[in-house]
Amino acid sequence: MSSRIFSYATLSVVLLFLLGPFVIIVAAALSAGETLAFPPQGLSLKWVIKVFEVESFRASFALSMFLAIFGTLAALVLGVPVAYAASRYKLPFGETIRTIVSAPIIVPGIIVGLALLRYLVLPLDVSVGLALFIAHTALILPYAVRVVSASLDNLRSDIEEAAVLLGSSRIATFFRIVLPNIQNGILAAFILGFVTSFNQVPVSLFLSGPGVRTLPIDMIWYMEITYDPSVAALAALLAFLSISIVFLAERFLGFSRYV
Amino acid sequence: MSDANYLELSDLTLAYGKTVAVDRLNLTIRRGELIALLGPSGCGKTTTMRAITGLLRPAGGRITLDGRDITYLPANKRQLGLVFQSYALFPHLNVWENVAFGLKLKKLSSSEIEKKVKAGLSMVGLDQFHTRKPAELSGGQQQRVALARSLVMEPKVLLLDEPLSNLDARLRLEMRTELQRVQRESGVTMVFVTHDQDEALALADRIVVMKDGVIEQLGTPEEVYNTPSSRFVADFVGFENIFALEQGKLKTDDGLKPLSGTASPEAAGLAWRPNAVSLGAGQFKGEVRGVAFAGGTREYLIQSPLGAIKAEMDASAPIFQAGSEIAFDLPPERAAILQRM
Amino acid sequence: MFQNRMEALALALPAALFAAFVFLVPVFILLSEGFRAEGAWTLAPYVDFFDSELNRTVFWRTLKLGAIVTAVSAVIGYATAWSIVTLPPTARGRMIGLVVMPLMISPVARTYAWIVILGRTGFVNQTLVGLGIADSPIRFLFTETAVFIGLLQLFLPLMILSLISALENMPKDAVPAARVLGANWLQVFFKVILPLTKEGLVIGGTLVFTGSLTAYITPAILGGSKVLMLETLLYQRVTVANDFASASIIAMILMVMSFSANLLLKRLATARNKR
């Protein structure tokens, strides 16, 4: 009996701690007042509307979307073959390749950003946008490989052999037989990569500049200038976006199986 | 080319890395025959089958099909069919699409495909299941789909990996009859791999008994069953009392005993089935160690100077008690003569 | 059919080369810079770095906060994980969903909320002053406590999830068996639960510790330049003083810490699999 009370008490406090801030941001975002405060003085949607009007937010949102979508696509294009090679074959230098491809998760993002700035952007005069794209792709690659590998390991390889014997070429077999059966895994990898890239800060820190900022960086910059609730509104909107995507993914894909 | 050597394996050597699984195998299969590769796991039968289909690259030797050297031909160009032990149906396609898969690759017209798929499903008795997915089918039904999928391609040779092992006793009998009928009606050359001697004996025109990558014996079911050529084969088909010969005589604790009758001096050993041992009188003596009632028969375990003897008598015959002395005979005319031990 | 190892290599090479050249090489060069002074290989830059009191303070502060966050999250984590695991299945799923949810939200958003809560005119201060407990607003922001709270909120879900996984893999009868033998809850925890969920604790601990060391936003927003951590120090040295040497050194320290933690994790994970 007392353990029940203990459980409920613990859970209430912890969930309050973890989710409370989120609730507060939403409340602050709906404030009718002029400054950031909680509890809000009156309710209004004006700050939420303002978010869409701030020019730099629109630009950085577009950039973040672009990086998230195409960076993840690039990571999948690179990562699916590696996952396939590691799953179906005895890959030469298998361990080494696996380590190299997983490395981006281990190295702190800020170091990657700095290194790319110093040795790719400056000396080779690579555009900051391209460097960001490369950095995000590299960052998502380990996630893509891991999730797709899990899917492939669960798929029997004898159906590929069956297809070949019925006359299909190896490549055609991959597209006709393997892909359709791992498409949920690929979708899960895409969602995971998208959310990771979108929320990414350290990597983008050094690779940003006026006009070229990812959304989180832009939010930080904006916060240093003004103290109004539009940042709260933006944060709340983004939070809703992330949560909805993951919620839908879980509902229709059973997302948690792949992660 | 010739029908007598439709599928020919010459000095075929197969290896996994450094381990040799099959060593210089030579085998000729006739067009239209039903041949079984029989042996325990690890004997190389599945490996041989995979090499024939092209899923395994040979380390040496040659494979010829209908006059054409296919040793290194890619697996998708060999026009062979394989029914996997796990059936390997495509989970994302329904029954119709599974069966039509290979036909679509051949770029046949859709009316052609429709005709062939209908005929194929009808041949295996699955007309009603077009739209079901593999997950919605029973094991037996899945196997029929796998069979139809290969048959509609009109393969030169149809290979089957342990076709009856996964089925329960009743289904096994059904499927066995089914396979025989299909083979009769389509005339396709069939090679199947099994570890079960009953399947091989019942289905095959010829049996290839394999052990450790080599052929122990090649013959008709009657030949393999009645006249095994080696200790391994004899043991495999149910001979219990297998003895090596020394100078044409049986070795016993009391010295070498000759056998009356026509045991040829080159024979390496002799074997008797339990029901070939005659109990009650004879030149050998022993002690009954165990008696077991087995429904229609009674099984005896006898300890003798020859070694352990397993004998079988009709259940209605008088019982020999455990612990009693017994005389028995090993009639030479009922012995299988083994060329190798 | 999958015997052709050249095929496999061809499939894997693009990703491996991409990761190696675009990522490993620049990072490697960056790190090697910390070992060079006046064109020679030397450890002098490291010595100089640790000579500075500020640098030493930041280093120890980062380690300290990392350790405290890990320890506190372990305690809270066990309590929470236990509470969740003892719930019926549907409630359990929902609770886990609620715990995971914060992980999907941007760290900027999650940290930002604390400004609203802990600021001079923030929620906490308003309550304290309003209720008369404090005479004037207390400064919560830009203190180690604020950073601690921010980091804890950021990484606690990771610890909870690891422990849930470990607790679910624990034999269900172990705790009842101990209770029947007379153990009180404290003993049950230290003698039964802790040993059996060791690996989950290590995994969670590594994730939390590494995360805390390499967090940027939270120390930046909640600590500012008053409470510098290694990452915020790095950013400051580069943007304010163009001091790439320090940047390289800090990067190396972060890498070594992060790498060691990961190595430990792998070792313990494979040790678990061998059973």
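Each Cβ is built from the backbone N, Cα and C atoms, and glycine gets one as well.
Please treat TrEMBL annotations as automatic predictions, because they have not gone through curation.
Residues or ranges marked as transmembrane segment by TrEMBL: C:12-31, C:65-84, C:96-119, C:140-164, C:201-224, C:244-265. Per TrEMBL, domain 'ABC transmembrane type-1' is recorded for C:59-265.
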> List, by number or range, the same-chain residues at least 6 past the transmembrane segment (C:96-119) whose CB is under 8 A from its CB atoms?
Replying inline: 80, 84, 125, 140-141, 146, 149-150, 153-154, 157-158, 160-161, 164, 215, 217-218, 221-222
> Considering only Cβ pairs under 8 Å, which range in C:12-31, C:65-84, C:140-164 makes the most contacts with the transmembrane segment (C:201-224)?
Replying inline: C:140-164
>> Six or more residues beyond either end and a Cβ under 8 Å away: which residues meet both conditions relative to the transmembrane segment (C:140-164)?
In response: 61, 65, 68-70, 72-74, 76-78, 80-81, 84-85, 96, 99-100, 102-103, 107, 110-111, 114-115, 118-120, 122, 124-125, 197, 200-201, 203-205, 207-208, 211-212, 215, 218-219, 221-224, 226-227, 229
> Going along the chain, which residues at least six beyond the ends of the transmembrane segment (C:65-84) come within the CB cut-off of under 8 Å?
Replying inline: 92, 95-96, 99, 144, 147-148, 151-152, 155-156, 159-160, 162-164, 166-167, 189, 193, 201, 204-205, 208-209, 212-213, 229
